[in-house]
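What follows is a short report on a single structure.
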Amino acid sequence: MQKLQISVYIYLFMLIVAGPVDLNEKSEQKENVEKEGLCNACLWRENTTSSRLEAIKIQILSKLRLETAPNISKDAIRQLLPKAPPLLELIDQFDVQGDASSDGSLEDDDYHARTETVITMPTESDLLTQVEGKPKCCFFKFSSKIQYNKLVKAQLWIYLRPVKTPTTVFAQILRLIKPMKDGTRYTGIRSLKLDMNPGTGIWQSIDVKTVLQNWLKQPESNLGIEIKALDENGRDLAVTFPEPGEDGLTPFLEVKVTDTPKRSRRDFGLDCDEHSTESRCCRYPLTVDFEAFGWDWIIAPKRYKANYCSGECEFVFLQKYPHTHLVHQANPRGSAGPCCTPTKMSPINMLYFNGEGQIIYGKIPAMVVDRCGCS
C-alpha cells in the first residue's frame, strides 16, 4: 500500500513539472500540418500538370511517327489547305464535338495512330514526265498509312472555275502511262459531262479507287494523271496550277482506310477539380492548347481536354487488380506500394499536316485520361 502511494506522488510531481496541457495549441499544430499537407498537394499537382503537358507533346510526335514537329508556317498552311467539302466537313466535326461522356468502357488501344482519312496533295514527279511539253498534273505520293491499310474509298477532287453563262463542261481524267509504239502516253480513267450555272466555281469528286489500288500493287505504274475540263469554247476550267487568288483550290486525293474495332472492359474511379482537397488517387482536369505550343501544323482540334492522375494510394483503395492487396498482405516488405495511374484512356481524332505536307485525319489512341486508379 505504501509503495502504491509513493508511485502516485511521483506521477503527480511529474505532471506539475511538465506544466498544463494547452489543447488549443495542439489544435493549431494539427491545423498547420493539414494546411502544409494541402500546400504540398497543390505543388505536387502543379508539377504533375507541367510534366503531363511535356509528356503529351512527346507522345503525340512519337505516335504520329514524327521525330520533330513539322515546320509549316501559317502562310504555307493557308496555301496548302484545300477549301473543299471533305476537309470542311472534317473541321466542322471538331466544332460540334463535345467531350464525350465516359461510360466506364476501356478500349484496348494500340500505340500508334490508326488513320481513317488521308488527304494527299500533288507533288512533283521524280520521273519528270511531261505531256505536250508542259508539266503534268498531278502526281501523288502515297505514305505507308495508305500502302499498308485496307482501302475503303479514294476520291479525286478538282475545282472548276466559275462561268459567266450556263455552260456544259466535259471533264476527263487521264492516267499517264509509258509511251507506246503509236505514241500514246495516257489512258482514260473517267469522263464526265457537267452542266454549270453562272456564279461561283464548284468542287467535283471522281471515284479513283480502282486506279489507286493498281498503283499500290504496282508502284512503278504510277506516273501521274492529267486533268482536263473544257467548256463549249475549249477553255479549260480545271484548276491544276493555281493562279493568284486561287489558294486552296489545288486538286487532291481523299483516301479512307479501315480502322479495326477493339475490345472493351469496365473500370471506375474518382473525379476531382483543381480546387479539390481530395488526397486519394483522383482524375484532375488538364487542357492541352496546341496554339500555345506553337504547333500550327495541327489543323484541328486547336485544344482538347487530356486530364491527369494524382493522389495517394493505400493498399485497399481503388486497386486495378484485386490480387494486389493480397500480395501486399502476404509480403508487405517485398512489394512496392501502388501508384495512381490512368486505368482508362480514350483516343482523340486529329487533323494535321505530316512531314511530307500531306493532310492526315487520324485517331491517336490513349491521349485522354478517363479514369484513374491504383495499381
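Cβ from N, Cα, C; glycine included.
Remember, predicted model here, so these are calculated numbers, not experimental data.
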For this session: Based on the record in Swiss-Prot, give the one of C138, C339, C340 in a disulfide bond with C281.
Result: C340
Seminar exercise, completed: From C137, C138, C372, C374, the residue that Swiss-Prot pairs with C313 through a disulfide is C374
Exercise. If you check Swiss-Prot, which of C42, C137, C138, C372 bonds to C309 via a disulphide?
Worked result: C372
Problem set entry | Cβ neighbour count (within 10 Å, all chains shown) around N47 (N-linked glycosylation site) | 11
Exercise. Using Cα-Cα distances with a 10 Å cut-off, which of the recorded positions N47, C272, C281, C340 are near C374 (disulfide bond)?
Worked result: C281, C340
